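Structure first, commentary second.
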Amino acid sequence: MKGKLSIALMLSVCFSASATDSVHWGYEGNGDPAHWGKLSPDFSLCETGKNQSPINIRQALNAQHDPLQLAFQSGTQQIINNGHTIQVNVSPGNTLLLDNETFTLQQFHFHAPSENEIDGKQFPLEGHFVYKNADGALTVIALMFQEGAANPQLATAWQQIPARVDQAEDVRTPVAIQALLPTSLNYYRFSGSLTTPPCSEGIRWLVLDHPVTASAEQISQFSSVMHHANNRPIQPLNGRIIIH
């Protein structure tokens, strides 16, 4: 299992990076989000795309959509600071059933402050759980954190952040993914994109409407490791429908 996870890590260390290692991009200076679309032809959607993420979630349509069907399985994890985020890669076994398709969790990572907003409210931290189906299509479950009580699962992750950038470490005490999520799994749904280059579209976004808590110290610790904000600015909705 460890070998399989290591191979997966090498092939796709981060959907945030998305095979963009040869082109420097980031959140500051000439590599910041305003410049992404011009850094490489592969990044053109960052500038020209019409279904980009993140968005400000507002005026959502109330609709009957299926409850989240999640399954969790304990397994091995690896944690890495890739310079853009703190990411936890997970072994197979955690699944999402959506639109009669099975998606498998690949990794989860964080942005501070939040990328998506809900009715104009920005949260201090947002987690993205990246799922992939057999055809390679992606679904992202987004989880908001509000300042409050310390989060035990974040504490588990933060204690194991590697000292060096791009250094992957086996997680000695795995993060309990189910325990990281709220008890209520109501969500907003819309079509969007990766929030990092190459900004690929066609991503199914499910943004949970109930935040969980993280302490001010935990939020500050993440920001200190990143040394800068790592959120892409809000993108135009361009007539997209949001359902809730």
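Placed from the backbone N, Cα and C atoms, the Cβ positions cover glycine too.
The feature signal peptide is assigned by Swiss-Prot to 1-19.
Among the features that Swiss-Prot reports, domain 'Alpha-carbonic anhydrase' is placed at 23-244, with the record citing sequence analysis.
All chains included, 27 other C-beta atoms sit within 10 angstroms of the C-beta of Cys46 (disulfide bond). For Cys46-Cys199, the entry in Swiss-Prot reads disulfide bond, with the evidence type similarity to another entry.
His84 (active site, proton acceptor) is surrounded by 20 other CB atoms, counting those within 10 A of its CB over all protein chains shown. Residues or ranges marked as active site, proton acceptor by Swiss-Prot on the basis of sequence analysis: His84.
In this structure, His109 (Zn(2+) binding site) is part of a beta strand by DSSP. Sequence annotations record features per position, and here Swiss-Prot assigns Zn(2+) binding site to His109, His111, His128.
Marked as substrate binding site by Swiss-Prot: Thr195, Thr196. Mapped onto three states, the DSSP output places Thr196 (substrate binding site) in coil. Taking all protein chains in view, 28 other C-beta atoms sit within 10 angstroms of the C-beta of Thr196 (substrate binding site).
Mean per-residue pLDDT, taken over the domain 'Alpha-carbonic anhydrase' (23-244), amounts to 98. Across the structure, Cys46 (disulfide bond) and Thr196 (substrate binding site) place their CA atoms 8 angstrom apart. The binding-site residues examined here are His109, His111; by Cβ neighbour count within 10 Å, the least packed of them is His109. DSSP classifies Cys46 (disulfide bond) as helix under the three-state reduction. Cys199 (disulfide bond) counts 27 other C-beta atoms within 10 Å of its own C-beta, drawing on all protein chains shown.
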